[in-house]
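Some features that TrEMBL has for this protein:
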- 37-52: compositional bias 'Acidic residues' (COMPBIAS)
- 53-65: compositional bias 'Polar residues' (COMPBIAS)
- 68-83: compositional bias 'Acidic residues' (COMPBIAS)
- 155-272: domain 'PX' (DOMAIN)
- 24-100: region 'Disordered' (REGION)
- 112-133: region 'Disordered' (REGION)
Amino acid sequence: LASAAGPDGMAARILHRLRHALAGEGGREERACGGSEAEDFPESSELEDDTEGLSTRLSGTLSFTSHEEEEEEEEDGAGDELGEPPQPTGTAAGAEDGGRCWGRCDGRGLGGRGSSTLGGTQAMWGPTAERPGGSLLTRQLQELWKKSRGSLVPQRLLFEVTSASVVSERSSKYVLYTIYLIRSGRFDKAPAAIARRYSDFERLNRRLRCRFSCDMAGIAFPRKRLRRNFTAETIAKRSRAFEQFLSHLHSIAEIRRSPEFLEFFFLQDLQAAQRLTCTGMYREALATWANAYRLQDRLGVCGSGRFLLTLAGLAVCHQELDELCEAHGFCEQALQLLEAQGSHPLLGPFLQAHVHLAWKVGKDKRHSEARLQDLREAGPPLQQQPTLKECLIKEPLE
């Protein structure tokens, strides 16, 4: 295509048709130039005038964000359509600042900082929004993005039964369903998971129907069976039914904010983590506290008292395992949540723990010391207050 500027009429006609395939301002630029000059950035000629194709690219190697949206990570292998090798999980393929186009940095993706040889001419390019001719591709994709934003489904929480196992105990036999909580449109490096049996779902259904009888009237729940409860067909049908049941519950604002619904997900983890912490099994407790943290994060309850207790559990276990930087970080997160509160049962213990850990890891502790002084002047002596670990162990979780 680079030789299209010569006397070869066929090449000129092909280039003319390719230019007409480009949307929007690209056509106006061609008419202004008379169609006689070669394209400065030959990578734009590889795009088809095809909405479906562009959508596929947007969901793969190219990602555009507005000022209100954050850059999100993509899964491996998303760019196979453009001939790119799979990228390691966690590599950001998006762009920041309102739709600047970036590709992979291996020289083969659109918009990447690499080279492309077309007709013997080699062109180098960087972010297409920063080059005069390359802005054509960016504008075209931005227009498609603006048109498609109105039809995008808002981010929501998905419930997926990933496995089901038959458990036999001395006097009972039941199916244990493992459910993942997945945020649509995002890749979660560490999943949030729960394991529940039919009786757990039945208890949740009964409690919610007592409190939200009108909202629950149209929500189906799988019935009990007298036999064939452990066949593959029954387990598969119940798995799908439980997914739909939880999704329907979460779609109703009053229900998804209710203690009955929330405690179904993380109360068991909090109770188990507390028992493990009391018995000194800090490594096992840490994993359980971490899963409870992720569950509350997915459910959007990161400002509740239970979440503060979870942060206390993470800080205590990390400190007991001599992972002081991690413990310090969770104390800081808790204090940020408590910043606007003048008093809270966990404020003093968190401040004392933060000052101690900050001194250990060499971080600034002046703000926490000042807050401690304010507490000392306003209330009982801090020596009479329990430590963070004592608060964690004594907190009733029912």
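Just so you know, glycine gets a Cβ as well, placed from its N, Cα and C.
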Counting each residue once, how many in the domain 'PX' (155-272) are helix, strand and coil under DSSP? 55 helix, 29 strand, 34 coil
Over the domain 'PX' (155-272), what is the model's mean pLDDT? 92
